[in-house]
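Working notes, structure below.
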Amino acid sequence: MSVIVVEASRLSLDDVHQLWLQLQYNLVSFIVLSVVLVFGSTVYIMTRPRSVYLLDYSCYLPPSHLKVKYHQFMEHSKLTGDFDESSLEFQRKILERSGLGEETCVPEAMHYLPPRPSMAAAREEAEQVMFGALDKLFANTNVKPRDIGILVVNCSLFNPTPSLSAMIINKYKLRGNIRSFNLGGMGCSAGVIAIDLAKDMLQVHRNSYAVVVSTENITQNWYFGNKKSMLIPNCLFRVGGAAVLLSNRSVDRRRSKYKLVHVVRTHCGANDKAFKCVYQEQDDNGKTGVSLSKDLMAIAGGALKANITTLGPLVLPISEQILFFVTLVAKKLFNAKIKPYIPDFKLAFDHFCIHAGGRAVIDELEKNLQLLPVHAEASRMTLHRFGNTSSSSIWYELAYTEAKGRMRKGNRVWQIAFGSGFKCNSTVWVALRNVKPSPNNPWEDCIHRYPVELN
């Protein structure tokens with residue numbers, strides 16, 4: 001357009017007259033060309049992917065009276081009278097090896113003797129976590145609740161009627177034409193699924209805000225039996241949640257923290273072992289809990305391999321892709337004993353947010369991806385300070401990186417999570433500026449104490 005304006009300013013009246021005569025003789029060609037240009041430009045503008053920006057997010061910080069130390073956890077478990085000596089000893093060993101610290105929190109109902117796991121208590125936990133995160137999010141961004149056009153809530157084990165998304169709509173009086181979704185039963189990787197759904201919705205609805213709320217509910221899902229594989233979640237899962245504000249408005253780019261680059265989802269549910277490796281069921285005494293299979297880490301490794309096979313070509317430098325391809329071909333054609341080449345993802349990402357599912361999960365990914373201790377630091381410290389907060393853990397980890405002042409403009413972040421089904425899901429973000437922690441960051445009062453030495 002600039003070139004056309006400059007050239008047009010140089011034309012004399014005679015030049016304009018000659019141009020008009022030329023157009024008269026080639027009128028049909030001119031009209032056809034104009035229609036093609038206009039139509040092509042319109043199709044491009046209407047179908048190109050809209051950028052999705054992350055304005056801000058907030059993580060719920062439980063009140064200090066909900067904290068549970070090791071000795072309190074064990075003493076409380078003993079006094080409930082539901083666990084035999086073998087189960088108590090098993091829980092003690094899991095706690096010692098878990099990587100959890102002394103400041104993780106369990107819901108109010110679990111602090112009573114005997115515990116009071118009711119529907120009302122579960123609703124209260126959900127409200128405290130979701131509303132606590134959303135209040136901070138709206139305060140930090142100055143976005144009014146009625147401006148939200150899309151709402152996605154994910155919580156795996158607690159799905160009341162009306163839904164959790166309806167609870168949020170009622171609390172904040174969101175508008176009547178809001179597109180709301182409630183994702184249940186999708187495990188610890190559902191936070192990435194929720195982001196993917198919000199992204200797809202933002203491709204359809206112009207000039208919209210989307211809020212994603214990721215949490216888990218413990219109150220009604222504590223296991224009071226003696227089956228070892230079902231006792232592990234008691235020792236690892238803790239109270240937590242996060243709220244994320246996304247936008248597709250170009251004017252929001254300036255004040256946004258990150259831009260969404262990729263979402264890659266892998267589902268291994270067609271395999272029976274993978275499907276049942278994280279499985280909610282009743283034990284022989286009719287007590288409900290979530291059972292974790294001994295094959296969990298092997299299945300997670302297979303899901304990770306499938307996920308990074310898709311993600312790698314999208315993010316890795318060409319040199320790494322060539323090395324991976326050559327090694328793969330050589331292994332197939334010449335020698336099955338050749339070890340597959342593991343791409344160096346440190347060349348593609350500056351920060352890693354590995355789902356804080358447990359110490360073994362973090363160790364396995366650090367080993368398989370050949371990461372340095374600093375790359376897994378955010379995950380280990382999140383597990384230590386907050387425990388396994390399910391789908392929200394990757395946001396506590398991102399908040400840790402920001403609180404440490406490590407996020408610089410152009411840095412790429414890889415969030416990776418595992419969940420029942422079995423699923424492995426990844427999101428990739430790029431920082432749009434040097435990111436500082438938002439007010440009321442969950443690490444605000446303790447970041448000076450981290451990293452801590454772990455046994």
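Placed from the backbone N, Cα and C atoms, the Cβ positions cover glycine too.
Annotation source TrEMBL lists active site at CYS188, HIS267, HIS351, HIS355, HIS384, ASN388. Taken from TrEMBL, the feature domain 'FAE' covers 44-333. Taken from TrEMBL, the feature domain 'Beta-ketoacyl-[acyl-carrier-protein] synthase III C-terminal' covers 350-429. Here TrEMBL flags 23-45 as transmembrane segment.
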Residues satisfying Cβ distance under 8 Å from HIS267 (active site), sequence separation of at least 6: GLY421, PHE422, LYS423
Composition by DSSP (helix, strand, coil) of residues within the domain 'Beta-ketoacyl-[acyl-carrier-protein] synthase III C-terminal' (350-429): 38 helix, 20 strand, 22 coil
Site of maximum Cβ density within 10 Å, from active-site residues HIS355, HIS384: HIS355
HIS351 (active site): tally of other CB atoms within 10 A of its CB: 23
Spatial neighbours of CYS188 (active site), counting only the active-site residues HIS351, HIS355, HIS384 and Cα distances within 10 Å: HIS355
Spatial separation of HIS384 (active site) from HIS351 (active site) - C-alpha basis, Å: 19
Those residues of the chain, 6+ apart, with a Cβ under 8 Å from that of ASN388 (active site): CYS188, LEU236, PHE237, ARG238, ALA356, GLY357, GLY358
Between HIS384 (active site) and HIS355 (active site), the C-alpha gap once rounded to whole angstrom: 13
Overall pLDDT for the domain 'Beta-ketoacyl-[acyl-carrier-protein] synthase III C-terminal' (350-429), taken as the rounded mean: 95
Surrounding CB atoms that lie within 10 Å of the CB of CYS188 (active site), all protein chains: 29
